[in-house]
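Enquirer: Have a look at this one before I ask anything.
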Amino acid sequence: MDKAHSREASGSGGLSQAKLTQINHGIYQFANALSVIFVNLYLWRLTNDLWINGAFNLITLISAPLATIYIGRIAKQKDRLLAYRMGIFLTALFYLMILVARESMVDYYVLFALMKGVSTAFYWLGHFTMIYDVTQSGSRHKYIGFNQIITNSAMLAGPALAGILISRFDALHGYTVIYSLAFALFLAASLLSLKLKPAPMHHKTYYLRYTGLMVRKHPSYGRALAGWFVAGLPQGIMAYVPSIILYQALPEESFVGYMNVGFTGLAVLSSYLLARKARTEGTRTYLTQAALGFVLSSLPLLWGLQLWTVVLFMAVYSWVKPLQVNAFTAHYYDLSSGLPLGGHYRIEAVVMRETAINMGRALGVLIFMMFSGPQAQAWMPWVLVAVMASQLWIARLTDPPAAARVSAAG
């Protein structure tokens, strides 16, 4: 990041670009936390079918990386802010369309899934690209940590408010109230995003076609992309399955909302400690600790999907997930910044990250759907343990390739 760019990021007078980005991200995440869990529960209430929930999430996750590749070109040749703003606007439109469709959403769930995937791709490409603009290598762990605090705080308040609101209304009317509030918040975030200023980009060539060459010349980069793919395997499943399991255990939407408040509270505390204590040299340790937490907490599920085993699993998962996400995100940004094209490849690096992790999420959901038939309760714990065990591989992927280690030793 050059000095002029750094000054722009820090701002002069009023809120800095970094703070504006974090505030807007907080609004986005609050609205998302308020409503996204209940999109899956809404489909479940209307259909009572895990397969349709899986199909909805699978279509979302497949459309997101496909859209990301095209959106990356727009962000590079136009501006990253265009992608960011479009992501928020399309998300607002997504919830407006749910309000219009109501129960008919089930008939058009494929179109809704596509819209959700595209809007998500727009937003996260813009958001992650802007992290390059407002951070440097030495401060990245702390920035991401504090950004995670804002995210998790918003996600803490969202389910709490949703639980209160949905318990005050009968039948499916509570969902309408939540979606209306989410639409208003996303609309507000769209307007606030207009205050952000585009960062100057002198190189508008889209270098995505050189990714294969990058991976061959810099194996560590390819290993990082493989790491994101592996990290995505449980995330696709965890986006919707735990809420449905909790609802089956106690069929009250408010209960699901309040439990998510508790889980997010653990994530907030974990992120806060990371922001204060995290060190770049601890990346491998953090990833190993997170993976062990995932595996050990999932093992009791093999004794049965009971309320206590699910709550224990979700509590530990929420506590250690920031360890994995923060550490590997900082590692990836540092690694990408050291590639030959440096800052000129940052949009492409985000495109590849989002593509890899969403492909992993999609595969995780697809595997889960294969076992979502009549015997789902029997197979579900084994699938969860298997995808959690896969996370042990990520720490190894941060090690330099064997050839690089031999060269360094010589």
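Counting starts with 1 at the first residue shown.
Quick reminder: no glycine exception, Cβ is built from N, Cα and C everywhere.
Just lifted these from TrEMBL, have a look:
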- 26-44: transmembrane segment (TRANSMEM)
- 50-70: transmembrane segment (TRANSMEM)
- 82-102: transmembrane segment (TRANSMEM)
- 108-132: transmembrane segment (TRANSMEM)
- 144-166: transmembrane segment (TRANSMEM)
- 172-194: transmembrane segment (TRANSMEM)
- 224-249: transmembrane segment (TRANSMEM)
- 255-275: transmembrane segment (TRANSMEM)
- 287-320: transmembrane segment (TRANSMEM)
- 378-395: transmembrane segment (TRANSMEM)
Enquirer: How about the transmembrane segment (255-275) and the transmembrane segment (26-44): at least 3 CB pairs under 8 Å, pairs 6 or more apart in sequence, or not?
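Expert: Yes, since the transmembrane segment (255-275) and the transmembrane segment (26-44) share at least 3 Cβ pairs closer than 8 Å, they count as touching.
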Enquirer: Out of 50-70, 172-194, 224-249, 287-320, 378-395, which stretch has the largest tally of CB pairs under 8 angstroms to the transmembrane segment (108-132)?
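Expert: Most Cβ pairs under 8 Å with the transmembrane segment (108-132) come from 50-70.
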Enquirer: Pairs 6 or more apart in sequence, C-beta under 8 angstroms, 3 or more of them: is that satisfied by the transmembrane segment (378-395) and the transmembrane segment (172-194)?
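Expert: Counting Cβ pairs under 8 Å, fewer than 3, so no.
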Enquirer: Among 82-102, 172-194, 224-249, which stretch has the highest count of C-beta pairs below 8 Å with the transmembrane segment (287-320)?
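Expert: Going through each listed stretch, the top one turns out to be 224-249.
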Enquirer: Residue list, the transmembrane segment (144-166) vs rest of chain: Cβ under 8 Å, 6 or more residues beyond ends.
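Expert: Apart from its flanks, the transmembrane segment (144-166) reaches 22, 25-27, 29-35, 37-38, 131, 135, 174-175, 177-178, 181, 253-258, 260-261, 264-265, 267-268, 271-272, 274-276, 278, 322, 325-326, 329-330.
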Enquirer: May I ask which of the stretches 82-102, 172-194, 224-249 has the most CB pairs under 8 A with the transmembrane segment (50-70)?
Expert: 224-249
Enquirer: Sort out the residues at least 6 away from either end of the transmembrane segment (172-194), same chain, that have Cβ-Cβ distances under 8 Å to it, and list them.
Expert: 20, 23-24, 27-28, 30-32, 34-35, 38, 42, 45, 81, 84-85, 88-89, 91-92, 95-96, 98-99, 102-103, 162, 165-166, 253
